[in-house]
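So the structure is just underneath, and the comments pick up after that.
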Ligand SMILES: Nc1ncnc2c1ncn2[C@@H]1O[C@H](COP(=O)(O)OP(=O)(O)OP(=O)(O)O)[C@@H](O)[C@H]1O
């Protein structure tokens, strides 16, 4: 019923102990309250003097106050513990998502990550603050009240004790049914969020293609499935409440009949029978409350398991030990027979060592596989490698174009160099350092990655330019903006660099976004390696031409690796790497390759020879 993973949280045992003490005190107070009430009622029944009611009434009031103070204390304790646990958990989950990187986000879906960080943590909080005190109540209060009832009427005690297994049986059966349904409901909830966030992100495209209504219907049907799953959880919850209430009422009614009978026969006095009867509902109350709240907390339990699964995911290896000062004109990078295969969904799931995945492994202590190992394992699977036997030599401030048809592996290679993808085999040597992969802070501190659509966050242009170097001076930012060709645009903006852009603010063009990305590179001179993943793919030819004029001087004193479809860039690079199905089919100086009738000529012919005019001229 209670998640074992909860015990890994610091201080939980102390909290449970404090809650247990409070539950025991509350159990005693409940008995004291029933005792005072019964005493007072018996005094009234026997028409005793009003003064004889003073002590029973005082007992009742004191016990009543103590009972409710215990309740308040338990709620405060559980809620402040749940608060502090969620406060600790939030940064852990957040930084894990960052450490896992873009591949994990692609696998889980952005919506799912957002759900986990916002709703998921709130649900975990509700789960912790509800389940811990209820659990303690269920353990201690029935025992204390049963002892008191048993001491007054053995028969009542036996009736209540016999009813307990029945209640637990129903609690377990319906709890399992609710858990299954709740798991499905949570999976549907994740699907709904992923679908919803993806659709919102793709809304401009959907609108442009005139299919946004169909997606609205699609979201409606996913939401409707979620509603049906929620209703099925509620149905089980109501059945469970009904079953628990029914058996509780039945047990109390049976007790009342037996006790009434004995009272009439004169084999029992009023006080013990009334005390047993008054206390009986409190004997069942914690079990009923746990049963009722159990369904409400299942989402939190699922969210916690989901977080545990994420936190236990092995992270891509990171080489923190690389001691490398940066790329210079004499630097040398060598890749030899490097292979990379994307893991399949099943292989990615098999990486998870905790929770469900552990059960599939005979040895829970088995070492966790890294993404690279999974990719190596993936070699035997059906999916072909995205990069095969890649051997490249790169020296000094060269400019290298990576070209090839769609799906050839250009982006995969750039992402491998950025450290997102880790090779499954092959060797890498950087200025004499042997690397397993490029996920090394010492390397990543020297690269600037510019994708097709640069990341523009919600904030001012100034803040966006400071992306790599938040402490740069205003003069440096302005100079970088001017060098990146943003000055004409800034001149017409009333607020200049302080203009708010990104989500929820002023929209900007693709060319302006690329220039902001260039300004980031120009601002941080320590990034001598530029990794471009088709930065001009979304731009019209005039904008691309304008941007190219800005880009060429920047490329001069950098190592540039430029994945592109636009072959006119061949006129401006020193080396070309042509990929086809993940293999290098042609490599060398463009002037040595063009006109030789090789694969590059075929590609030029297929893509329209005029693109290369700049080079031929
Ligand atoms: N996350 C991924 N998971 C599995 N396979 C992938 C993933 N990303 C890319 N691939 C596959 O890897 C291969 C190379 O893809 P990649 O994106 O590197 O090609 P590309 O040359 O950049 O294509 P394009 O020019 O269309 O962007 C393709 O077959 C693609 O389907």
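Any Cβ shown, glycine's included, is placed from N, Cα and C.
Note: TrEMBL annotation is automatic and uncurated.
Record features, source TrEMBL:
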DOMAIN    17-299  domain 'ABC transmembrane type-1'
TRANSMEM  52-70  transmembrane segment
TRANSMEM  135-152  transmembrane segment
TRANSMEM  158-178  transmembrane segment
TRANSMEM  233-260  transmembrane segment
REGION    353-378  region 'Disordered'
COMPBIAS  356-378  compositional bias 'Low complexity'
DOMAIN    372-606  domain 'ABC transporter'
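Between the transmembrane segment (135-152) and the stretches 52-70, 158-178, 233-260, Cβ pairs under 8 Å are most numerous for 158-178. For the transmembrane segment (233-260), the list of distant contacts is 153, 155-156, 159-160, 163, 166-167, 170-171, 174-175, 177-178, 181-182, 185, 268, 273, 276-277, 280-281, 284, 287-288, 291-292, 294-296, 298: same-chain residues at least six beyond its ends, Cβ to Cβ under 8 Å. For the domain 'ABC transporter' (372-606), the predicted model reports an average pLDDT of 86.
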